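Features of the protein shown, as given by TrEMBL:
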- Asp143: active site, charge relay system (ACT_SITE)
- His216: active site, charge relay system (ACT_SITE)
- Ser546: active site, charge relay system (ACT_SITE)
- 206-217: compositional bias 'Basic and acidic residues' (COMPBIAS)
- 36-111: domain 'Inhibitor I9' (DOMAIN)
- 135-606: domain 'Peptidase S8/S53' (DOMAIN)
- 375-461: domain 'PA' (DOMAIN)
- 661-767: domain 'Subtilisin-like protease fibronectin type-III' (DOMAIN)
- 200-224: region 'Disordered' (REGION)
- 1-24: signal peptide (SIGNAL)
Amino acid sequence: MKILIMKFLHVAVLLILHGQSTEAEKKTQQHHSKKTYLIHMDKSSMPVMFTDNLHWYDSSLKSVSDSAEMLYTYKHVTHGFSTVLTPREADLLAKQPGILSVVPEVRYELHTTRTPQFLGLGKTNAHFPASDKQSDVIIGIFDTGVWPEHKSFDDTGLGPVPAGWKGQCETGTNFTASKCNRKLVGARFFSNGYEAAFGPIEEDSESKSPRDDDGHGTHTATTAGGSAVAGASLFGFASGTARGMASQARLAVYKVCWQGGCFSSDIAAGIDKAIEDGVNILSMSIGGGLTSYYRDIIAIGAFSAMSHGILVSSSAGNAGPTPGSLSNAAPWITTVGAGTLDRDFPAYVTLGNGYRYSGVSLYSGKPLPDSPIPLIYAGNASSESGGNHCQMGTFRRSEVARKIVICDRGGGPRAEKGLAVKYAGGLGMILANNAEYGEELLADSHLIPALSLGQKSSDAIKNYVFSNPNPTVKISFGGTRLGVQPSPVVAAFSSRGPNSLTPKILKPDLIAPGVNILAGWTGAVGPTGLDMDTRHVDFNIISGTSMSCPHISGLAAMLKGAHPEWSPAAIRSALMTTAYRSCKDGETMKDIATGQAASPFDYGAGHVDPVAALNPGLVYDVTVDDYLNFLCALKYTSAQIKIIARRDFACDSSKNHRVEDFNYPSFAVPFETASGIGGGSKAPISVQYKRTLTNVGTPGTYKVSVVSSQSPSVKIVVEPQTLRFERPYEKQSYTVTFTSTSMPSGTTSFAHLKWSDGSHIVGSPIAFSWT
Ligand SMILES: *[C@@H]1O[C@H](CO)[C@@H](O)[C@H](O)[C@H]1NC(C)=O
Ligand SMILES: *[C@@H]1O[C@H](CO)[C@@H](O)[C@H](O)[C@H]1NC(C)=O
């Protein structure tokens, strides 16, 4: 009985992690008609009779509920607190004086494609000059915690913990204060919101401490700032030295994600502490509903972090290739998409008709006999819906026994499909992509002989099976292959622009490696994360924008080490204006979902080039006031601005606040077409954008040039065409006028603007769209 219950819980947990939230939400609702709310208070309207804002919060809360307790009070992210209320109490509270907003708890998710696949490492040995200052930089990782015994947290050779560090090593289940060291300088956990929703943590199955029972947090932390570990690999795949991007930087771990998700009240409490502790970079491979900046706790928390000089790097999400699918779009966040490395793990299929196809796999067990094995399509061995996806228990066993089974990708964890085949008596699996995944291949450490195939090969193999009375197949595995071209390409899963919240800000900002990435893993679960996977690995290979985000976090830490005085916006600008948009073979970077050229809506400014970013020449800097003026340009009310900025900011009504003039390192230019048949107004539409460059290099004269790839429909005029910088940090401004002729609604086109002094290239993507 006990075992059955555990299994059931496990399935529920997997559903949650895969974004099928209904189970979790139902569970929450059944347990409580009450919910957690975040209460944003207007500190400036605290009545004079209170000397302390905590008393004021408490008294406001008591006025609507005798029993409610505060889960957290917040200082930096917002002024306010979180608590559990009935909807009626929440309504009453929202009407009290001094309350800016009462927002229900939001469950965020990790941006991993989860069922772990493997890869990585290649780019982690980037040629950075060693910088002493890098060891002063502290990267805060918001994730599932940490496995502190991992070799990547070895602190040999690191000096004392930076003097300003105020963080802690919190104790709890299987975690003592001695788990931190000079590499892992802090570890905290935030579970009040999670426990309010799901009940007390069951410490048998989940550590109520910073310990990582999942693997995701150890993976992201070691990617951003892990120490070098020689001889790393996953079952021999991707072998070499594994090291984080900023291998000299310090790590501080904030566990805000649990088996049931990452809750906004916990995230807010984590950011509050991280600001107080003194982190310099905040890495959050977490995302969720994108409704407005003032309702999104990641955007609100990131604003506060940014105003304390902390760069926040976040994942764009794994909802690609659907246009407009990205999260974490606030302009004060660095939003990271995912691309591939030049490394893969080939595996081969040879059909009975002699045709051969290649895919990828990280299967490391016993090979299949080298003789033809009967092949069947899962959809033909099941009459249940989901049968083609090889969900557990959907097969007619007699039809899959002793066969290799073709399973369609989607509808469940990839490695679990292999287990379903195994339990039904099958010998192996071919995981087939459909159009949604195109040719994107994620490698998995399958528990039976299995491989992933792209859409074209999958279709060909299905045709063979459907047209042959006795189809057979052989599967073989080819280890690790380097120098794969073309690379990088944009991952199909990587979430895409345009930015639906602020169409005039281009997102994502850039891409970094996020497909089949090798990094550290927890000791608590095997590489597939499945219950039945009892293997233990030090390193695992997984994919997602969750993996690309900590690459940028680590690289930002390197830049911060090299240029401690740079603002978060300056660091992001350096990463963006030096990014590249072609493959190593010189071809235009492609989108693996379509096989066609990718665009700035897919990769933003392009793929990160860390060495070039160290010396960008010029940067587009942004101050806190610029961000506040941006909020004015969005026509936010003073209450909405106050929720984000925690202070009164009166938009200067004599100024014409425009998003077009917000000093972003890229350009998104949406044109409105007159509605009506065919769309498009007759008269050309002209819009002007203004930008200001700051010299962070030597004196020099920069000339502008604009390349319009396929946009003769827009005339682009830059004024002036030359900018002369004499002194460090000198600023010069320019305007760009875009004049569009009539284009049908739905059209997009792209251009690229660059300033160069002959040695530096300061590039910006331009994305046009007609709506
Ligand atoms: C506790 O941590 C140790 C490593 O120090 C690990 O070997 C052990 O499996 C952990 N126990 C649990 C229940 O996670
Ligand atoms: C197997 O499934 C395919 C696709 O659903 C179908 O076209 C084909 O007729 C099926 N074959 C058999 C023998 O049922």
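Each Cβ is built from the backbone N, Cα and C atoms, and glycine gets one as well.
TrEMBL labels come from automatic prediction, so no person has curated them.
Because the structure is a prediction, the values reported are computed rather than measured.
For the region 'Disordered' (200-224), the DSSP-based tally of helix, strand and coil residues reads 9 helix, 1 strand, 15 coil. Beyond its flanks by at least six residues, the region 'Disordered' (200-224) meets 6, 9, 110, 112, 116, 124, 139, 141, 143-148, 150, 152-153, 169-175, 179, 184, 187-189, 191, 194, 242, 244-246, 249, 251, 253, 255, 257-259, 281, 283, 285, 517, 519-522, 524-525, 527, 529, 540, 542, 546-547, 549-551, 553-554, 557 of its own chain at Cβ-Cβ distances under 8 Å. For the domain 'Inhibitor I9' (36-111), residue counts in helix, strand and coil come to 21 helix, 27 strand, 28 coil, using DSSP. Counting every protein chain shown, 29 other Cβ atoms lie within 10 Å of the Cβ of Asp143 (active site, charge relay system). His216 (active site, charge relay system) and Asp143 (active site, charge relay system) have their C-alpha atoms 7 Å apart, to the nearest angstrom.
For the pair Asp143 (active site, charge relay system) and Ser546 (active site, charge relay system), the C-alpha distance works out to 10 angstrom. Counting Cβ atoms from all protein chains shown, Ser546 (active site, charge relay system) has 33 others lying within 10 Å of its own Cβ.
Mapped onto DSSP helix, strand and coil, the domain 'PA' (375-461) counts 27 helix, 18 strand, 42 coil. Per-residue pLDDT, averaged over the domain 'PA' (375-461), rounds to 94.
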